[in-house]
Amino acid sequence: MHFSLVTLFPEFFDSPLSAGLMAKARESGTVDFSFRNPRDATTDRHRTVDDRPYGGGPGMVMLPEPLAVTLRALREDAPRARILMMAPRGRRFTQQLARELAREEHVAILCGRYEGFDARVEELFDIEPVCVGDFVLNGGETAALNVIEAVARLVPGFMGKEESGEDESFSDGLLEYPHYTRPEVFEGLPVPDVLRSGDHGRIAAWRREQSLAATLRLRPELLPEAPLTETDMAFLRHKAAETVERPGRNLHCALVHYPVLNKEKKSVAVSLTNLDIHDIGRCSCTYGLGGYYIVTPIEDQRRLLDGILRHWTEGPGLAANPDRGEALGLVRGADTVQDAVDDITRRTGQRPLVMATSARGAGDTTVGQVRSILAERPVLLLFGTGHGLSPHLVAACDGTLRPVRWMDGYNHLSVRTAAAIIMDRILGDCY
Ligand SMILES: C[S@@+](CC[C@H](N)C(=O)[O-])C[C@H]1O[C@@H](n2cnc3c(N)ncnc32)[C@H](O)[C@@H]1O
């Protein structure tokens, strides 16, 4: 496989491409490299490759001309080369992309410097921007080295045993299991017995479980896309249940019936609906929430709620449908939002962060922010009935979640649907 590197600093690659397995792979001809320096395509006395940005601002931009000359020469020599451009705004580099690139005969990589490339280069040539992570490096050379190493080691013949590239982190969507070598006991820590048992079936099963447990603990966002068997799922379910710090338990929600807006935008109290109590209760239970509050100060509505809850949690409904009893066991009445806040504070020992939800406005908090807060403290999500939470209640909250489907013209969801979507976005299957 051939890599062409378009760089102002070819010498940058001297040492990394001359060490270890890479050196051997070059010797055996498994991979080889060529370098093109855009500075060689300049025509002025100073061999200029950059200039100030139009529109002002800091830094310099790589001139399009030397790059265009370099890329035209590259295209002529290697018409089928796949050309990547290292750029923070590019497609994220992953093991999957590495596998895809390892099937190419020729990969060319453009390494940027300064503020990057003049944007017209990308319009003129068939180039794929690629990013190695959400951070900014000084130049594309270190990013290119990431790509080269990850791709080259998947090229047949690079590693002694070809399978070793198939049994690693990300190769099957999971993190890898832990490795151990001699001595058997190191500073008091023994190697797990199973690894010395010689029983290959047990070792494989143990490794799979370690891999699943590590992914659940460290990178749960990988699990929804990972291919999982029923055995894997049963193991993860069991593991998740014993992980006490699952953040779903820190999430609480309240369905507010007062103060909410009516059609005329006046603050009013609205009546309870059986469907909202049941459906949001079932959703809260499914996502493992810490509690679901029905907020209404109206006495007869509270009595109605108590009657419904008694029926399902201790009355005839419980025997008829115990699952429903479990879900409604999570529901509590509260006269005001403050009462719900006080109840959570009493039960968890921490005052919850109160987060409003709304179909309008820009919001000031993202789902990701709520997810990180949950790791530290409880959050109470407020859902409004009627035409939404009253503005003075929203203003008293600690924040407002960005609306669901805010980019579309129509986002009139029922409160049950909005609650389900928001819970899923915050907690998904694996948080
Ligand atoms: C200082 S950076 C330019 C950053 C650019 N102004 C921006 O904010 O996106 C210079 C060069 O480093 C490379 N680079 C920096 N961070 C990168 C990343 N995370 N992934 C891929 N390339 C990166 C690119 O080639 C880029 O043109």
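These residue numbers are counts, starting from 1, taken along the chain as shown.
Just so it is clear, glycine is given a Cβ too, placed from its N, Cα and C backbone atoms.
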Can you pick which of Gly112, Gly157 TrEMBL lists for the same S-adenosyl-L-methionine site as Val132, Gly133, Asp134, Phe135, Val136, Leu137? Gly112
On a count of neighbouring CB atoms within 10 A, which of the binding-site residues Val132, Val136, Leu137 is highest? Val132
Longest CA-CA distance among Gly112, Val132, Gly133, Asp134, Phe135, Val136, Leu137, per record bound to S-adenosyl-L-methionine, angstrom: 16
State the three-class DSSP label for Phe135 (S-adenosyl-L-methionine binding site), counting H, G and I as helix, E and B as strand, and everything else as coil. coil
